[in-house]
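Among the features that TrEMBL reports, transmembrane segment is placed at 16-38, 66-88, 100-123, 135-158, 244-264. Taken from TrEMBL, the feature domain 'ABC transmembrane type-1' covers 62-269.
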Amino acid sequence: MVERQLSNREGRATRGLLILLAILFLALFLLLPLYVVFQQALSQGLGLYLAALADSDARDAIRLTLLATSVALPLNLVFGVCAAWCIARFEFRGKSLLSTLIDLPFSVSPVVAGLMYVLLFGVHSPLGGWLEAHGLKVVFSTAGIVLASVFVTFPFVARELIPLMQSQGSEEEQAALVLGASGWQTFWRVTVPNIKWGLLYGVILTNARAMGEFGAVSVVSGHIRGETITLPLHIEILYNEYNFVGAFACASLLTLLALLTLLAKTLVEWRQHRATVRAGEQTLDLRARALTHLNRESA
C-alpha cells in the first residue's frame, strides 16, 4: 500500500514536471517572440503602426502575397485531389515513384527550389531564352513567384487526402456506380463529403505555407520593390534598412494571418474529430440494432 502511494506521488511529480517544462518551452520559444513582435510593432504608437501598413510598398507586397496564394491554392487543390485519387484508388506502374515525388518539396531546400527555377527559366537557359524572345518573363517576375509558391506547397493537400482515402476504401463509390450514378455524381455526392475535412485541412496548410514562403520566392523574385516583393521579403528589406517599426508592423500582420490559420486548423481538427466520433457511434448503433433484430428472429 505504501509503495503504491509512493509510486502514485512519483507519477504525479513526473507528470507535473513534464507539464511545467512544456509550458516553459512554449512560453520561451513561442509566446515570448509573439509578444515581442506586437510590442515592437506598437512601440512608436498606433499612428506609425497604421502608417507602416498603409505604405505603398507594404500594400504592393500584401497584394502580391495574396495573388501568389490565390493562384497556388486552387492549382494545388486540383493536383492534390487528382494525385490522391490515383494513388488511393488505382494500381499502376510508377505509383510508388509518384508517391515519392510528391514529397520532394519537403526534402528540397526552398532556396534550392528557387535556384532550380532560375536555372530552368533564366535568360541564359534554352527554355528561358525562348520564353524571353516571345515576351514571356518568368524569373524576376510575378510568374516566377507564383511557380515557386506552387512548388513548395503542392504536397500538402495530397498528403492529407491519400491516407484518408486509403482508409475509407472505395465501397461507397462502387455502390453508387452500381446504382447508376455517373462518375461526376459519385465524386461530388460520395467522395467529396467523405474527404471534405481532410481537404479543408490541406487547403489551410497550403494557404499558410504560401503566405509565409521566403526562401524560394527570395531567389526568383529579384527583390524589385513594388513589383516582385512579397510580404516576407518586404519585412526583410525593412529590417535591413533599420526600419524596425515598419518591419515589425508587417511582421505582426503576417503573424495575425498565421494565428487565424492556426485557429481555422484547430476548428477543422475539432470538427473532423466530432465527425469521426459520430460516425463510430452510428456504426455501433447500427450493429446493436442488427444484433437485436437477429436475436428476435432466432427467438
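Along the chain as shown, the residues are counted starting at 1.
Yeah, the Cβs are placed from backbone N, Cα and C, and that goes for glycine too.
Ranked by Cβ pairs under 8 Å to the transmembrane segment (16-38), the stretches 66-88, 135-158, 244-264 are led by 244-264.
If you look at the transmembrane segment (100-123), the same-chain residues 6 or more away from its ends with a CB under 8 A from one of its CBs are 83, 129, 131-132, 138-139, 144, 147-148, 151-155, 158-159, 213-220.
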